[in-house]
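Undergrad: Quick one: this structure, given as structure tokens, is what I'll be asking you about.
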């Protein structure tokens, strides 16, 4: 790209060198004429070079070997300076891809496929984990062996030993007394499969990352520092480890005799269940976001970066801010759904929109004082209160999401949006409407497993849609 400052920095010293080169005495008139012309040409170039801060670069060029003035001028105009590091990064001409540091140019799709693989497996374990809960299988394996627990029982003796461990658990004594071996195997396989997918996610994170780093497809450390890709990969790996630990702490809460005695039922802590799901959603969201950022067709890094018109920037900035608020609301609603699942709150008040005759809020909102003196736990441990909160949050989320889309349409701002943003908004409104309908149907039909599982998967679809919307708007600047 032509730059007046760079041209001045190269051409002006050459002109000065030409001026001090002795001319042949045979043509004094031509010498004086050329000298006057070059002095006149050098003045604006020196001024441009001074403004560009390139006077220091002129001095060594002034001492360069000479030649005719025409040759020196042509050489100055045809020699291009190397691009500055910032410019190289912005145009993608440096070592790294313009999409993310630590990913060499040409490796973006492979790095994106890696992130999408982790996100896809995380989506699957969220669905499988929901089915494990719906089939009441989560407490069937009473110990945690991350390595040796990979293999299932392979003989009758091993099955008997595993069943004996389960018969000693609170769940068997209180809820499944007299269970047959076949029934135990059914719930065992669900929990075992759930844990295997968790191990697969850890392997899918570590093995491809090591392979790509060894081949130079990605670079985790450069010049003694973690690259942006390396930091993201390390964060995902840390979250995966924390998720496995939280999963065991959740199961352990259902095996704790003290907690079971307080609740008079063997089940995992609904608060730990929400934390377990929350970590899975963070892993999914971070992986999906990075995958979108690395795929050239969806990166949208500069989609709105050139916007400078306040009439366009204002609505875009407002939409970006509101999409972040909506994402927070979606996350809180999903976590409230986890509390509903943990307390089996979907099995009470199977009606909509009321909760009891003529009531929008349940009459038994709080637990009785004699059952729970702690006022906070009277709300947190109350199934009617938990379902009521989820209803309110779900309705608010639907209204906010559809209002976001309708607001853009009614204010006639739809044409201001790029096609990826419009598509994300349509996907979001459709996902919200479908998820709300699924939730009502699940409640009215007393939580059938297929519908309940679809409702949980739908929550992740809604989260994906709002993340995609946020991603298309990420280039909207904070200030004009």
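Just so you know, glycine gets a Cβ as well, placed from its N, Cα and C.
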Undergrad: Tell me which of 271-292, 293-314, 359-380 corresponds to the transmembrane segment entry in TrEMBL.
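TA: When 271-292, 293-314, 359-380 are checked in TrEMBL, transmembrane segment belongs to 271-292.
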Undergrad: Using Cβ atoms only, state whether the transmembrane segment (111-131) and the transmembrane segment (271-292) have three or more pairs under 8 Å that are 6 or more apart in sequence.
TA: yes
Undergrad: If you count Cβ pairs under 8 Å, which stretch among 200-220, 326-345, 392-411 touches the transmembrane segment (423-445) the most?
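TA: When the Cβ pairs under 8 Å are tallied, 392-411 comes out ahead.
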Undergrad: Same chain only, please: residues at least 6 beyond the ends of the transmembrane segment (392-411) with a C-beta under 8 Å from a C-beta of the stretch. Say none if there are none.
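TA: Sequence-remote neighbours of the transmembrane segment (392-411) are 315, 319, 322-323, 325-326, 329-330, 332-333, 336-337, 417, 425-426, 428-429, 432-433, 435-436, 439, 462, 466.
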